[in-house]
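Here is the structure we will look at.
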Amino acid sequence: MEVHKVVAPPHKSTVAKLKTRLKETFFPDDPLRQFRGQPNRTKLIRAAQYIFPILQWCPEYSFRLLKSDVVSGLTIASLAIPQGISYAKLANLPPIVGLYSSFVPPLVYAVLGSSRDLAVGPVSIASLILGSMLRQQVSPVDNPLLFLQLAFSSTFFAGLFQASLGILRLGFIIDFLSKATLIGFMGGAAIIVSLQQLKGLLGITHFTKQMSVIPVLSSVFQHTNEWSWQTIVMGVCFLLFLLATRHLSMKKPKLFWVSAGAPLLSVIVSTLLVFVFRADRHGISVIGKLQEGLNPPSWNMLQFHGSHLALVAKTGLVTGIVSLTEGIAVGRTFAALKNYHVDGNKEMIAIGLMNVVGSATSCYVTTGAFSRSAVNNNAGAKTAVSNIVMSVTVMVTLLFLMPLFEYTPNVVLGAIIVTAVIGLIDLPAACQIWKIDKFDFLVMLCAFFGVIFLSVQNGLAIAVGLSLFKILMQVTRPKMVIMGNIPGTDIYRDLHHYKEAQRIPGFLVLSIESPVNFANSNYLTERTSRWIEECEEEEAQEKHSSLQFLILEMSAVSGVDTNGVSFFKELNKTTAKKDIELVFVNPLSEVMEKLQRADEQKEFMRPEFLFLTVAEAVASLSLKGPPLNNV
């Protein structure tokens, strides 16, 4: 077999290496490549388009696209108006704030966002987290003004954090919320949100402020004397109607408009019923009078000092991460369906600035909602103009239609919330996780039960902690396998995976499948020493020639640090004492360079023991050792 020489990597200065590493870490998409070789005018235009994606599609916008966007915008507005009111109550905020949050943020996103299908507004999970975390220290009933100030301040911090991740290109931080974590977290939050709506669905006036399942159910059954049969009848009827329309639209996607318009229709019909029969005088609670007019400025309500600063910063951080993860995931989902690209960093900046602006205009945390975005996509949205149409519709509602919501019953808002969040319980995805990865399933269950029995933030923290523990285990206990030859070929594979693979007498071939660093070097030392001893014992029992060569297949070793270099040095000393030669196969350039610098005396990085493939190493070294029976 022809043996190919392993060449040293080309020399690179420290500055060049650092530049390459930073580029690959923070700019893997190389956003500046579009400017190379372009005239200054083109560069200026592309820079403006990069910062404001609306400039990319606006020059080519047509009346045909406008018709599609108007239809989809009006459709999602019919869903956004009742959901905005409902989610604001879920966050313990005045209902009008939910409509404010469906007016300004979509306009900002239409200018800065890169998704064509993302429908922006308040979402159930962020509303739940915001309300529950702030309510731990401030009562929305006893001190509503301070609670509102803290909500706007938390929104500012959420937006600042989100935009900072995009500007500094640190989006990989949100990747710590794995799919399993999100599925468990969303499912648990959906259960808690639904149970919280029992207050409105049953007509209870004295209800627990805690969010876990046991206090909620205790509160429900301790106040059975407050149950209102009128409220229960109305709630059950509209809940069944909303669930039926949702089921119909899922079975027949072309009828998406049925479930999209059902919440608004429910609000209209229930409001008329309450007004005509004066049901508000018979135990059915209503929203009450809402303030007319557009968003009042709220920058003077933001609090950046005082005893509640830590609370709003923590709340902003948690809601910012969760809402950002949901928004980007939804945007990428629909971008994949329509075969276009969504820039994650630009989305972070867009969603972040949207919330910063929103905090100054009486809005709370907003992001892209899956239910609204799905309706937007099904309704035929072509561009972000659908968000502008929705925003204009909400503006008209704020200016002229607010008196019509005075008699809207709270029970219908509860039914709308239950119908919206029930879709967050993804049983098929949970079953798929169980089939693929049992540890991920455990993480999912911890997130689910942590949210249900502890709190939203504690459940999320436990799941993220377990995910980090899994990563640490993979780093500190990397995979390392013994390789054998598949007879009749020059292919070497894992002995435990390929049963036909055979050990080569005199050789121990190990494959290290991770970087070697301070976190795993001791483990690798112990594991390698054990394999050498086991191999020597096996050779002695089978009366083969003694172990002559330890071959390390290093194609998957992407990097080493000083501890990693020490590992190879100590391993060379250990093998030398046993008269075993240490052989390296296909070390990558960075690894090879560091090992060569550390081996000034040429003790273990000798050219005669460097090979490109295991087959070449065995074929070449077999001439120096005892004859091989299995090759």
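From the backbone N, Cα and C atoms, a Cβ is placed for every residue, glycine too.
Because the structure is a prediction, the values reported are computed rather than measured.
Confidence over the domain 'STAS' (497-621), given as mean pLDDT on the 0 to 100 scale, stands at 88. The domain 'STAS' annotation in TrEMBL covers 497-621.
The transmembrane segment annotation in TrEMBL covers 93-111 (among others).
Sequence annotations record features per position, and here TrEMBL assigns transmembrane segment to 146-168 (among others).
Listed as Cβ neighbours of the transmembrane segment (180-198) (distance under 8 Å, sequence separation of 6 or more from its ends, same chain) are residues 90, 124-125, 128-129, 204, 211-213, 216-217, 220, 322, 325, 329, 414-415, 417-418, 421-422, 424-426, 429-430, 433, 437, 440-441, 443-452, 456, 459-460, 463-464, 467. Look at TrEMBL and you will find 180-198 (among others) tagged as transmembrane segment.
What TrEMBL lists as transmembrane segment is 227-244 (among others).
TrEMBL lists 256-277 (among others) with the feature transmembrane segment.
Taken from TrEMBL, the feature transmembrane segment covers 348-371 (among others).
According to TrEMBL, the transmembrane segment annotation covers 383-405 (among others).
Summarising the annotation, TrEMBL assigns transmembrane segment to 411-429 (among others). For the transmembrane segment (411-429), the residues of the chain that approach it from at least six positions outside its boundaries are 82-83, 85-87, 89-90, 124-125, 179, 183, 186-187, 189-191, 193-194, 197-201, 203, 231, 234-235, 238-239, 242-243, 246, 263, 266-267, 270, 284-285, 287, 370-371, judged by C-beta separation under 8 angstroms.
Sequence annotations record features per position, and here TrEMBL assigns transmembrane segment to 441-469 (among others).
The residues of the domain 'STAS' (497-621), classed with DSSP into helix (H, G, I), strand (E, B) and coil, number 58 helix, 21 strand, 46 coil.
Long-range contacts of the transmembrane segment (93-111) within its own chain (CB-CB distance under 8 A, at least 6 residues past either end) are made by residues 52-54, 80-81, 83-87, 118-122, 131, 140, 144, 147-148, 151, 287, 290-291, 294-295, 350-351, 353-355, 357-358, 361-364, 366, 384-385, 387-388, 390-391, 394-395, 397-398, 402, 405.
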